[in-house]
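A.B. asks: Marked as region 'Disordered' by TrEMBL: 1-31, 356-395. The compositional bias 'Polar residues' annotation in TrEMBL covers 1-13. The feature compositional bias 'Basic and acidic residues' is assigned by TrEMBL to 18-29. Annotation comment: TrEMBL describes 47-68, 80-97, 117-138, 144-163, 170-189, 209-233, 245-266, 278-299, 306-326, 332-354 as transmembrane segment. If you look up TrEMBL, you'll see 75-185, 215-348 marked as domain 'EamA'.
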Amino acid sequence: MSATTQDTTTREIASSGREQERRKQRLDDDEKAPETAFQRWWVRNRAWVLVLTAESFGACMGATARLLEDDEKGAAMHPMQIIFVRMALTGILSTIYMRATNVPDFPWGPPGVRGWLLLRGLTGFFGLSAFYWALQYLPLAETTVITFLTPMMVPWAGALLFHEPLAKKVVFAGLVSFAGVIIIARPPWLFPNDQHHNEEEDGSPSASAAMRTLAVTLLLIGAVTATVSYTIIRGIGHRAHALISVNYYSLVSTVGAALFLLFAPGVDFRLPADGRQWALLSVIGFSGFFLQFLLTAGLQHDKSALATTMMYSQVLYALVFDKLIWGNVPAATSWCGGAIVLASTVYVALWGSAGGSSSAKEGKESDEEQGLLAGHRREGDETTTDVEGANLVNE
């Protein structure tokens, strides 16, 4: 047999082998393909369904916290007690999950980024504290809307630290959304005759104008700290697993709340007064874990903006809880301010970054990729960053 014939035979055998492998792969793919109409629907829509479900847990968590802080039996719990129990339980569940799935660098993460992870935990704790404290003086829906200022601030942080282009439309939307927050706060100097400073629509006393303003101010500070957390996560990039970051957040919040309860004057740590409070605390802890878990799963499967947009459904859930539990219907100013904030945020999320997207895609080694720690990203890190950023909004 000539060399040419041998080469031809070898190529035919190799080609036949590759064809067999392709046929086997097609058979395997056919076996894995959805068989029923529901399975096919689930594969197409699971991303936004998971996010929609996650946001229901987020709103449930906020409503449960407000119930504990405003207990009609006089056994109201301090916000730091709620944070302690919630984050301790969330941390335990996250640790068990990471241990079972062998998350890399468990539990403390790579040595080079541990300081940044600790700072991420601290800023997250400050934002969470502001949210739970504000729940004492603002309706759940209003508190939830203001937390969505964080996505508005992220482009500003990106321009400052990553030298990303900041579109004029983003600047304009940010100013408009801030105006919406002022309308929600209803400061006396702007709304001197506002009846909602004295009484809610259900007839129950509401927080004073000064306390409302203070609560909104704290929420604004919390939004800034959440933006700092998101920026740190972007800088860390692929150097630490997303769940490691969540665990730092849980640990720092648990320790911070415990120290506050131990040393703050006039605040004592106490156990829940009855079975109802134990049950509500359990709901908060498990809701926090499932919020993180389902949100992460949903955004990882998302190939469009639909799932991300579903994050704003938490406001609708909050409105439902406000009405069903407290009989509270937001004032017209709250509807107006909330609509302004949400419209501005959705606008930036869907269209606001269009002007700078091309430049970001052209060079992955640009200043944006230098980040806070001058680390390079690998493929798929954008998903991790989006998930973490979404978690910050829901913290």
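Cβ atoms here come from the backbone N, Cα and C positions, even for glycine.
Just so you know, TrEMBL annotations are computer predictions that nobody has curated.
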A.B. asks: Counting only residues 6 or more past its boundaries, what in the same chain has a CB within less than 8 Å of a CB in the transmembrane segment (306-326)?
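C.D. replies: Those are 47-48, 50-52, 55-56, 58-60, 62-63, 67, 139-141, 143-145, 148, 202, 204, 295, 298-299, 338, 342, 345-346, 349-350, 386, 390, 393-394, in sequence order.
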A.B. asks: If I count Cβ-Cβ pairs under 8 A between the transmembrane segment (332-354) and each of 47-68, 80-97, 170-189, 245-266, 278-299, which range comes out on top?
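C.D. replies: That would be 170-189.
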A.B. asks: On the 0 to 100 scale, where does the mean pLDDT of the domain 'EamA' (75-185) fall?
C.D. replies: 86
A.B. asks: With CB pairs under 8 Å as the measure, which of the listed stretches 47-68, 80-97, 209-233, 245-266, 278-299 comes out on top against the transmembrane segment (117-138)?
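C.D. replies: Selected stretch: 209-233, with the most Cβ pairs under 8 Å.
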A.B. asks: Taking the transmembrane segment (278-299) as the first stretch and the transmembrane segment (47-68) as the second, find out whether 3 or more Cβ pairs fall under 8 Å, excluding pairs closer than 6 in sequence.
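C.D. replies: Judged by the Cβ rule, the two regions touch, with the required three close pairs present.
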